[in-house]
Structure formats: structure tokens, C-alpha cells
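Working notes, beginning with the structure itself.
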Amino acid sequence: MNAAAPVRTDSADGRVDFGRPTLVLRRRRLSTRVSRRAVVVCTVLAVTTFLLALVSLGVGTLALSPMEVLAALADTGGNEQARLAVVGWRLPRLLLAVLCGAALAVSGAIFQSLTKNPLGSPDIIGFSTGSYTGAIVVMLWLGSTTYLNIAAGSLVGGCVVAFVVYVLAYRRGIQAFRLIIVGIGISAILGSINSMLLIAVSPEQAMLAAVWGAGSLNGLGYAQLWPVAISGTLLILGAALIVAPLRQLEIGDDAARALGIRAQRSRALATVLGVALTAVVTAAVGPISFVALAAPQIARRLTRGIGLELLPAALTGALVLVAADLIAQRVDLPVGVITVSVGGSYLAWLLISEYRTRGRL
Amino acid sequence: MLLAACTVLALTCVASLAVGARDIPPATVWQALVAFDGSDEHVMVRDLRLPRTLVGLVVGPALGTCGALIQAFTRNPLADPGILGVNAGASFAVTFAVAFLGLRAPHQFVWFALAGALAVTVLVYLIGSVGPGRATPVKLTLAGVALSAVLGGLTSAMTLKSTQTFDVMRFWGVGSIGGRSMETLVYCLPLIGAGLLLAAASARSLNALALGDDLATAFGVRIGAVRVVVVLAVTLLAGTAVAVAGPIGFVGLMVPHVVRWFVGPDQRWIIAMTVVVAPVLLLASDIIGRIILPSGELRVGLVTALLGAPVLIALVRRKQVSGL
């Protein structure tokens with residue numbers, strides 16, 4: 001967009017009034033504007049996540065204060081034991097929590113934007129269950145537990161289920177309620193199939209898959225971190241590139257086309273990115289539900305933004321998962337159990353507040 | 001019509017007694033029932049398959065009628081104790097009783113299952129009724145989904161925390177009609193009977209309610225009273241069924257719909273037929289499970305989910321449902 005284009009100026013100093021305080025960035029060929037509130041919110045989120053991370057790194061059999069953790073990270077304290085615990089064992093788990101939280105939140109934000117509905121998250125419409133089934137099939141039938149194979153399995157599973165759910169829910173357009181009910185139905189079928197798969201194999205294999213199926217960050221190290229870090233970062237960057245078309249799709253296909261967006265192609269690309277983000281996370285840590293649902297909604301309420309905003313969502317997701325994992329470590333449960341309990345309550349609250357204000361969702 | 005359904009039910013019962021890891025001819029089944037001689041096959045029929053069939057005969061009507069009542073009362077064609085979270089509530093309460101109070105036998109946790117079912121029924125209805133307009137199918141279903149998620153998470157948290165709880169729940173947590181004790185059944189029979197009676201008593205009022213609240217009031221139906229009776233009946237039926245057999249979904253969804261095709265919209269007929277048809281579905285699912293995996297590991301709850309989910313999807317794809 002050219003800065004010299006004629007725009008209506010409402011305020012005295014020649015600036016455009018967007019209805020809220022904004023910061024405008026202009027470089028030679030690129031200009032963008034961000035709301036001041038979003039910048040503040042993002043900073044606060046990042047700082048909170050960092051502080052929580054310091055606490056989380058200090059928790060365990062070897063309890064460390066945040067200052068000791070910082071010393072161990074910078075390798076200045078000379079305490080070999082602390083450095084091994086923090087950098088060797090706890091750091092990969094923490095980074096996984098940050099990455100997975102961000103990836104899930106971005107995936108949820110994409111789907112919520114595509115379906116124009118706060119409930120359009122991968123866990124509600126059954127994609128997560130599909131990823132889980134795909135991963136179980138790879139684990140149990142092909143007997144492979146390497147990350148890449150499981151990731152491929154859960155990606156294929158997620159995509160197939162996404163496709164099936166969309167096709168079954170399609171009837172002169174996608175309607176959110178139908179999408180959700182079809183998702184519930186497909187999840188029920190897949191749940192039965194998962195149980196049958198687990199029954200049909202040896203107890204050891206079944207136990208392995210069941211532990212993984214609860215969604216836990218326990219016992220994960222650098223071996224699991226690197227693949228997630230590389231693929232997750234690439235996918236999130238990819239998602240950042242399609243934010244602009246997605247935002248314009250939110251105002252309707254016709255209007256978006258008039259602005260030069262190829263609607264079908266952008267939507268297909270966004271769906272694949274969203275499913276891939278969920279699959280990457282599911283393959284590494286198992287199904288962790290409701291982060292994708294709640295994080296984008298919380299972010300949106302914090303920034304009071306309209307439309308798709310990835311960075312606040314990703315930061316909120318990271319914060320939520322780090323906090324949930326901290327709780328999970330304290331009460332010794334898989335983190336997936338924590339997120340489903342807290343996230344379900346959040347969903348109930350969301351429903352009540354939306355019904356009260358709008359009478360519908 | 002009712003007669004034909006009863007015949008099918010009788011045939012299904014015979015099949016349920018005869019089919020399994022070892023097929024037993026119907027003649028031998030009959031002998032085992034009337035002239036018990038202590039042979040292996042006779043013991044198998046009397047001690048394993050007869051209890052299983054009886055549990056199916058008791059739990060089936062409870063689940064089916066429960067679904068029919070909720071569907072009629074909320075005018076929600078997608079209602080099912082599983083989807084609306086009533087089963088999850090009962091499961092949660094039972095798990096709580098097992099984990100923190102150390103209860104072990106099903107007849108001890110019946111009352112917890114009832115309390116859990118009642119609490120969730122009321123809660124889902126309250127959340128669904130928030131805001132302007134009455135409780136629509138969409139609102140109720142979503143409230144059920146949210147509550148099911150929370151309660152499911154808390155339930156698995158409790159089972160994962162203690163090995164003992166995990167052991168009891170592993171057996172009970174997936175809906176199954178096998179291996180239940182006769183004591184439990186006898187203990188629960190009056191509760192389910194009471195629930196069925198309440199359902200039958202409210203059938204006429206539910207017919208009037210189908211015309212809308214205003215017309216129903218004009219016909220002399222006291223809506224508040226009907227609401228209390230229906231919630232009570234749903235609680236008794238769903239709670240007891242969960243206590244006996246564990247959470248079994250989709251029976252309450254499918255049966256009333258199938259029955260409606262045959263007998264039309266009269267609730268009295270729907271409930272009567274559901275009582276007969278629901279155990280047919282439950283026992284047939286159990287038999288299918290036994291045929292697929294003869295070890296008896298494929299629980300009936302898994303089979304009903306496989307059969308019922310496509311019905312759910314077909315229902316939501318119909319035009320009227322999305323328009324409701």
C-alpha cells in the first residue's frame with residue numbers, strides 16, 4: 001500500500017483515526033500498523049512467560065531459586081549439578097512446552113478464523129483425535145516409534161479426518177454447529193477404534209500408546225525438541241505469511257476476492273498449515289486438548305483486537321502450556337489432563353458469556 | 001407392532017445366550033435354564049451369559065427411555081445422556097466415591113451415580129437456558145460437550161493418581177454389560193422401575209409440550225411439575241444405568257429415532273416401544289462385540305459408539321435439525 005494514497009484524515013495532525021491508539025511503522029516499501037494495546041499485551045505475555053519459565057526450571061527434586069537458574073543457564077555459578085539439571089533435563093521440556101503451546105494456539109487461531117467461530121478449534125472438530133489415531137496406527141502396526149514416522153502418521157490421520165469432517169458437515173456451506181456435531185460423532189468412532197487397536201496388541205505396546213495418549217511432557221529431551229523446533233518454527237512462519245489473506249477472508253469471500261485474494265487456495269493452504277501444526281505437536285507430546293481452543297480467545301480478549309492476530313495468540317498459548325505444565329509437575333499428572341479440565345471450564349464460561357450477551361454463539 | 005418388537009427381543013435374548021466364544025445350540029440353552037445338570041455348557045449359560053443378558057434387559061430400557069425423555073422435553077433430536085454429559089457426571093461421581101471414599105461394589109456407588117447425573121442434568125439445562133430465548137439444541141449440546149470435557153479430565157486425573165482406583169475403573173469405566181453381579185442388578189431394579197414409571201406418567205404431558213409451552217399450559221399441563229418429573233426420571237434412569245454398566249453412549253440417541261419412524265410422534269407409544277427396542281440394540285451390540293473379539297474384550301459401549309456415531313452424523317445433516 002502506498003503511503004501517498006489518498007486517505008481520509010480525521011484528526012488535526014493529518015493522521016488516520018483507527019478508533020484506538022496505534023503505532024505506525026513505515027519502511028521504504030512496507031508499512032504496517034499495530035495497536036498500542038497489542039504491543040503492551042505481547043510484552044507483558046512474553047515477560048510473564050519468561051518469569052514462569054525461571055520458576056519452572058527451578059522446580060524439581062533439586063529445587064533452585066530463579067537466580068540460581070539464571071546462573072546455571074549462563075554457566076557462571078560453577079555448580080555442575082545445577083547446570084546438568086537445568087540445561088540437560090529441564091530446559092528441553094520447557095522449550096517444548098513453549099513451542100507446543102505456541103503451535104497449538106496458532107493452529108487454533110487459524111481454524112477459528114477459517115470457520116469464523118470461537119469453537120472451530122482442532123480439538124472440538126475432531127482433528128486431534130484423527131492425529132492420535134494416525135500416530136497409534138504407526139506405533140502399533142508398523143512398530144515404529146521414531147518421531148518422523150509418528151509425525152507422518154498423525155499428519156495423515158489429521159488431514160484425513162479433517163477432510164472427512166468437512167465433507168460430512170458440508171451442506172450448502174459449512175455451519176459451525178453441524179461441524180461440531182460431526183466432529184463429536186467422528187471422535188466417538190475414532191475413540192472406539194483407538195480402544196480396539198489398543199486391545200488387539202500386547203500389553204507393553206498398549207501401555208506405551210496409552211501413556212503417550214494422555215498428553216505428557218514427562219521424560220522428553222533434546223531428541224524430541226529438535227524436530228518440533230524446526231518444523232514448528234517453519235510452520236508458524238508459514239502461518240504468519242498467510243495472515244493477511246486470512247484476515248480479508250474473514251470479511252467474506254466476495255469482498256476478499258475483490259481485494260485480490262485467491263479465496264479457495266488461501267483457505268486450503270491455511271487448513272493444511274493448521275492441521276500440520278496440530279500433528280507436529282501431537283506426534284511429539286500426544287494430544288493436548290483445549291489450548292488451541294482457549295489461547296486465541298484469551299489473546300483476543302486481552303488485546304481487544306478484531307480478526308486474526310497470531311503473535312498474541314502464540315504467546316498466550318506458550319504461557320498457558322508452561323503454566324499448565326508447571327501445575328502438572330506439582331500434582332504429578334500428564335499435562336493433557338490439566339488442560340482438558342481447565343480448558344473445558346473455560347469453554348463453559350465462554351458459552352455462558354456469549355449466550356448472555358448475544359443469545360447465541 | 002409392540003408384539004413384533006417383543007418377538008425380536010425374545011430372539012435376541014436367545015442369541016445372546018447362545019452366541020459367544022463357544023456357540024451353544026438353543027436346545028441346550030433351554031435345558032440349562034429349566035433342567036440344570038452342571039455340565040460346562042450349562043454353567044456357562046447360567047453363570048456367564050444369563051447375567052449378561054439380564055443386565056442388558058434392564059440397562060437397555062433405562063438408556064433408551066432416558067434418551068426419549070430428553071429428546072421430547074428439550075425438543076432436541078440430538079439428545080442422549082452421553083452427548084449431554086449426564087453419563088460423564090455419573091462416572092465422575094462414581095470415580096470420586098471409589099478414589100476418596102474407598103467404595104468398591106457397584107451397589108455402593110449407585111447413589112453417587114444418581115447425584116452426579118442429577119447435578120449435571122440441572123447444570124447443563126441451566127447453562128443452556130442462559131441469555132434470551134429458551135434452551136435450544138445448540139446451546140444444550142455445547143454445554144454438554146464442555147461439561148463432559150471438564151468431568152472427563154477430572155475423572156482421568158483421579159484414576160491416574162491411584163493404582164487402586166485405576167484398577168476398579170479399568171473394569172468399570174468402559175461401558176460393559178459383562179461380569180456384573182446379580183446383587184447389583186437386584187438392588188438397582190427398583191430404581192430403574194421407578195424411573196420408567198415416572199417416564200410413563202409424564203408421556204401425556206410431553207405430548208402436549210410438543211405443541212409449545214403456551215399451548216401446553218392452555219391444555220392444563222403444569223410445565224414446572226413436568227420439568228421436575230422429567231429431570232427426576234432422567235436422573236434415575238441414567239444414573240442407575242451408569243452405576244450398573246458404566247457409561248454407554250448413543251443407545252438413548254438411536255432408539256427413539258428408529259422407533260419414531262414406526263409409531264409416529266405419540267410419546268406414549270415412543271416410550272413403550274423404546275423399552276422393548278433398546279435392549280434389542282444393546283444385546284445385539286454385545287453379540288457383535290463377542291463375535292468380533294471372542295475374548296469378550298470388545299465392550300458394548302465401544303460397539304454402540306461405532307453404530308451410533310454415524311446415526312448422529314446423519315441426523316445433523318438433515319435439514320430440519322440444523323434449522324431447529
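For all residues, glycine too, the Cβ spot is worked out from N, Cα and C.
Caution: TrEMBL annotation is automatic and unverified by curators.
Under the heading transmembrane segment, TrEMBL lists A:38-64, A:94-112, A:124-142, A:148-169, A:176-201, A:221-246, A:267-290, A:310-328, A:335-352.
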Distant-in-sequence neighbours of the transmembrane segment (A:221-246), which means Cβ under 8 A and at least six residues beyond its ends: 89, 92-93, 95-96, 99-100, 102-103, 106, 110, 113-114, 147-148, 151, 256, 261-262, 266, 269-270, 273-274, 276-277, 280-281, 284-285, 308, 310, 314
Contact yes or no, the transmembrane segment (A:310-328) and the transmembrane segment (A:94-112), 3+ Cβ pairs under 8 Å, gap 6+: yes
Cβ pairs under 8 Å between the transmembrane segment (A:148-169) and the transmembrane segment (A:267-290), at least three: yes
Leading stretch by Cβ pairs under 8 Å, where the reference is the transmembrane segment (A:124-142) and the options are A:38-64, A:94-112, A:267-290: A:267-290
Top Cβ-contact partner of the transmembrane segment (A:94-112) among A:38-64, A:267-290, A:335-352 (pairs under 8 Å): A:267-290
